[in-house]
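Everything below concerns the one structure shown next.
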Amino acid sequence: MQVSCSEDKGKGSKRIHKAEREKLKREHLNELFLDLANAIDPNQPNNGKASILCEAARLLKDLFSQIESLKKENAFLLSESHYVNVEKNELKEENSTLETQIQELNESPPNFQQTQLPSHIHGDHPGFPAVEPALQ
């Protein structure tokens, strides 16, 4: 069985193209690793792909942990905010009621007259004799 020259060139050409594609793929992956290393810590020297991946994984775990913690804190703060809003609305209602009561008290009936206390009481308790101011 004989292989013609054109078939031989075709196989060699395919090998070259495959090698070029693999080289481009490796270069692209290396660029991605450099980008990842710079994103993690641009000041840290590159210690290899394995260390970059380990550091990225550790960083992601920390971030996910922070996310969970922030979600819990957010839920607590939302609950607290709801409680404060309910309390605020209750206080507004109470304030409105008190303002209405004050207004009603200020509008005294026209027939209301203050009675004067007898002179011997002097504003003290009505059942006790008045005490001289010098003795107090």
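Including glycine, each Cβ sits where the backbone N, Cα and C put it.
Please treat TrEMBL annotations as automatic predictions, because they have not gone through curation.
According to TrEMBL, the protein has these features:
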- 1-11: compositional bias 'Basic and acidic residues' (COMPBIAS)
- 97-118: compositional bias 'Polar residues' (COMPBIAS)
- 13-63: domain 'BHLH' (DOMAIN)
- 1-21: region 'Disordered' (REGION)
- 94-136: region 'Disordered' (REGION)
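Model confidence over the domain 'BHLH' (13-63) stands at 91, taken as the mean pLDDT rounded to a whole number.
For the domain 'BHLH' (13-63), the DSSP counts in helix, strand and coil order read 43 helix, 0 strand, 8 coil.
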